[in-house]
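A.B. asks: What TrEMBL shows for this protein is this:
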ACT_SITE  136  active site
ACT_SITE  155  active site
TRANSMEM  23-43  transmembrane segment
TRANSMEM  85-104  transmembrane segment
TRANSMEM  111-129  transmembrane segment
TRANSMEM  149-171  transmembrane segment
């Protein structure tokens, strides 16, 4: 009687490197989510920023309370309860797509960039579910000029993740197999 080892189905086998990328990516996404929620807790509870309105920390950086009912730059504003939950569903569906993308991603740098997007998206989804809006508070400015709208950690993570993906896509080329002459 010969010993046989059943082989795992192809879909359940992942290279150790891919598993490491996934572990790193999902850990980073969780850390982004936790840091985002922690900063929002700090500005909401101990600092009570919603009552104060704003606090100057540095000449170029203030904490300023904003209840963001839309997505980026006021796009897709959800003023009604139905709109709020539709936005939650839409962003949850996109987040699920990003989760799948991370799961399938073979490039470590892309998995890391996607993890920033996922962690940030989940942080903003939780806000929208809890409060009906996303808590924004970071106000970077140079005099009256503001290079960004008021944002939060989740927004920054999403933006950095998308920029990393774009830079990688635009500046790197896939290695092509050598052409065979016939």
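Every residue gets a Cβ built from N, Cα and C, even glycine.
I'm curious about the neighbourhood of these features; can you describe it?
C.D. replies: Other Cβ atoms within 10 Å of the Cβ of residue 136 (active site), summed over all protein chains shown, number 21. Secondary structure from DSSP puts residue 136 (active site) in a beta strand.
Of all Cβ atoms in the protein chains displayed, 21 besides its own lie within 10 Å of the Cβ of residue 155 (active site). Secondary structure from DSSP puts residue 155 (active site) in a helix.
Here the transmembrane segment (23-43) has long-range neighbours at 49, 63, 65, 102, 105, 108, 111-112, 114-116, 118-120, 122-124, 126-127, 135, 137, 152-154, 157, meaning same-chain residues at least 6 beyond its ends whose C-beta is under 8 angstroms from one of its own.
Below 8 angstroms of C-beta separation, residues 22, 25-26, 29, 71, 76, 78, 111, 114-115, 117-118, 121-122, 124-125, 128-129 of the same chain, each at least six residues beyond the ends of the transmembrane segment (85-104), sit close to that stretch.
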